[in-house]
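Down below is the structure, laid out as structure tokens.
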Amino acid sequence: MEACTGLFAGTPNSNELVVIQGHDEPKPVKNLDGQLCEICGDSVGLTVDGDLFVACEECGFPVCRPCYEYERREGTQVCPQCHTRYKRIKGSPRVLGDEDEDDVDDIEHEFKHEEMLQGNMTHGDSEGNSKSKPVGLAKVNGELPISSHSVGEPGAKLDDKEKVDEWMLHQGNLWPETDASVDPEKAMKEPLSRKVPVPSGRLSPYRMMVVARLLLLLLFFQYRIFHPVPDAIGLWFISVTCEIWLALSWMIDQLPKWFPIDRETYLDRLSIRFEPENKPNMLSPIDIIVTTVDPIKEPPLVTANTVLSILALDYPADKISCYVSDDGASMLTFEALQETAEFSRKWVPFCKKFSVEPRAPEKYFSEKIDFLKDKLQSTYVKERRTMKREYEEFKVRINALVAKSMRVPPEGWTMKDETPWPGNNSKDHPSMIQVLLPHNVGNELPCLVYTSREKRPAFQHHNKAGAINAMLRVSAVLSNAPFVLNLDCNHYVNNSKVVREAMCFFMDIQLGNGIAFVQFPLRFDSLDRNDRYANKNTVLFDINLRCLDGIQGPAYIGSACIFRRKALTGFDSPKTSKRPSMVQVHSKQDENGEEASITGEDKELLKSEMNDENKFGKSILFMNSALAEEGGVDPSSSQEALLKEAIHVMSSRYEDRTLWGYEVGLSYGSIAADTLTSLKMHCGGWRSVYCMPKRDPFRGTAPINLTDRLNQVLRWAVGSLQILFSSHCPLLYGGRLKGLQRIAYINSTVYPFSSIPLLIYCIIPAICLLTDKFITPSVGTFASLIFIALFISIFASAILELRWSGVSLEEWWRSQQFWVIGSVSANLFALLQGIMRALPLGRVNTNFSIVSKAPDDVEFRELYAIRWTALLIPPTTIIIINLIGIVAGFTDAINSGEHSWGALLGKLFFSLWVVIHLYPFLKGLMGRQNRTPTLIVIWSVLLASIFSLVWVRVDPFVLKTKGPDVKQCGISC
């Protein structure tokens, strides 16, 4: 036998065999006559002139025309064997990069992609492809762009051997035989996760610099307090007061950052322990709640992608139940979910067969990657092309529903059986529920349920928190999984193993019982390149939450969080003991190997609590479900009875005179229900975990429009102040809250108060320039050294913080800029609203508002759109004041002589520092064409006129003599 001249890769039970030539070996042109395409297995075919089709002239690698066209249009545009770029062949459409290839004389075919692909593709339409696609649909808000491709046949399923091989290949081992053997007994004893401390070499310098900065602050304030400015005592006093407040704000923000940690999970141990061979799968079930309200601001296609990514999770399908809460009772959302359920029958098997990531189809098909890499199955490319066209057809149907929804009939919407849609009045309608995908024996799909809770004008519905609480009751009645994942409709699953990651913490037999929830970071798509308004929020996700994980755990951020149902039901945390270094684990068994169970005394106590209708409401079935130790529902209950009870528990009257929203479920009383809920859980003795897998677990969209972003910050700040002024103020509330955790919650509720000193401190530079005064007297050498050292320590501590956290300097700087912008606008208005509500001085509207999540046809169009809001006034005023101050300072220095320039430089630096922080706001205010809205122009002119009067009063152009007074000594003095 001759020596092997390349690496043979493939699977035993497939008809594919790919030979990858070495880099130094010649690549002769093969005789392609009668050969099959090496990518999809079809015949190579002929050219438009009747000759044999040759895709690559360099090596002759056999590829058919559809695969050639698809690779040029969607892939890397290179030959899989020799990596030479494909040239355009006669009869082929032009793609990007073909501009210099003018030797092909078939202009009539340059842009006909569809005709090129229809020649060899099998269409899914059984009636000779006689059905035409909908055309002429007007583009409306909520659509994503579509392309017109035909539908192909779904590929065949893998057999068991291929599934095992594909899994082995996905784990990073080419051949199953070479995989390192795992000792099952050892894996049963080892923990499922562990804490990974930040290396001391990175953390210790940071801590030392924080201490040095604190000492320099003490020296700084000693100088500032004991060295007033006699001719500007008011200015000096106000500036010192602001500096003290900002220093205290920095301290309470810094203290919880002392113990950052990372975590590491072991998914292989979880699988060995809870997915034994030839035994039932023992992974815990999970209920997933997706909330949506307005299908215009939250487009159905975005929600559909989130639902599809959930249904395709790498988790046993019979253990997943997805509940979509439609709080707008929209028929558009309902019909879109019906289409989504139908499309999922094709999408979910495709994802699991080829282990694709991410599993949101819009994101998956939009990624420009080499999709042939690590895909050794011959059917992959063909099925991917087929699935892409299926998805394009799915988008056509969804966009057609969106277009139809824009024409509301005068009598309201009707269903297919001509009955009126129950949700025609979104504020007054009955409960609705439909199981779109049930759990069936042998079904590969999770359960999907559409729900819309009852709404009546006489009852409060508590916005998102009320919707989630209704879904908690519905899911407890229908599936009752012990764990619950909450997602917003625009946050899709980017890592299909995310539930397994969480189970590594929850299913730890020693420490898992004390964990209330596992919070994951959120990453965002479709942001502008510079992230002008700090939408990435990496300081929160990569610094603050990691530091809280080293104390009692991160706070709940409103989405991307998996809860323990018991913690949400209002029970306090069980007392946990420290885990030994090696733990003998018996799944669902106690330490003696016997079935674990709640003792009789504890069970009676639970029953006495659960039977309190004033706490949980009048649903015996719900209370029985909550008592189930391992979750699940009574198998003797009929489907009709369960659905009837589900309608009952999400009625508008159910929560009346109960403790739902106060001791049970998500908390009411604040717009920031997420923070308040996690505060109550931590006060109840629970802890939480922050999990950051290598692959981002969840991704979504964020508001890139300036007005939307400021309104979002305003809503957060108002919610924080509502907590501060309530009975749950973290200053006093909770006995089981750790000290540093309490400080973190205090910081999360009092931060809007920093808006007043920051606003004053942003105006002080302009005042100094206009009045020719300063906040400090003339400084000596020692004072100058203190100021310089403090300034250096501020940047040094920030850089060292970025060093251990991995956050980039640009992201940190954007965060600092938007902290100033948000503080002098949204936080300031929130503080005023909070004070007015607390006194009370009047009724302030703090209703929950929905931020638009609709994609744009024009890239970053929303980034440049300006919508007037009063939040724009304070930053605009600050910018104008400082610009006038800079001009006044320069003119004053020009007229006063050379000795004035030294004092001017310090004031100019002070003022320019403020303007630089507000630069993203100024850039956003100007828009794309540098056009400012008329109302802002009017305000600018008004403010400029006011400060011009001040400037005239100062008289900067008048010569200021420093010599003797001529009235006292005369001309001859």
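Note: Cβ is positioned from N, Cα and C throughout, glycine not excepted.
Those TrEMBL annotations? Automatic predictions, nothing curated.
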Of the ranges 200-219, 240-259, 820-839, which one does TrEMBL flag as transmembrane segment? 820-839
Please name which of the recorded positions listed here, K297, E298, D327, D674, is nearest in space to D488 (Mn(2+) binding site), Cα against Cα. E298
Can you give the largest Cα to Cα distance in Å, as a whole number, for the residues K297, E298, D327 that bind UDP-alpha-D-glucose in the record? 13
CA pair K464 (Mn(2+) binding site) / D327 (UDP-alpha-D-glucose binding site), Å rounded to integer, equals 8
Counting only residues 6 or more past its boundaries, what in the same chain has a CB within less than 8 Å of a CB in the transmembrane segment (902-922)? 532-533, 706, 762, 764-766, 768-769, 774, 814, 816-818, 820-821, 875, 878-879, 882-883, 885-886, 889-890, 892-893
Rounded Cα distance, in Å, between K297 (UDP-alpha-D-glucose binding site) and D674 (active site) is 22
Overall pLDDT for the domain 'Cellulose synthase RING-type zinc finger' (27-104), taken as the rounded mean: 74
Other parts of the chain folded back onto the transmembrane segment (820-839), taken as Cβ under 8 Å at six or more residues beyond its ends: 533, 710-711, 713-714, 717-718, 720-722, 724-725, 751-756, 758-759, 762, 846, 870-872, 874-875, 878, 914, 917-918, 920-921
Report, as a single number, how many Cβ atoms besides its own are within 10 Å of the Cβ of K464 (Mn(2+) binding site). 22
Below 8 angstroms Cβ to Cβ, which residues of this chain, lying six or more residues outside the transmembrane segment (753-770), approach it? 235, 238-239, 241-243, 245-246, 249, 820, 823-824, 827-828, 830-831, 874, 878, 881-882, 884-886, 888-889, 892, 904, 907-908, 910-911, 913-914, 918, 947, 950-951, 954
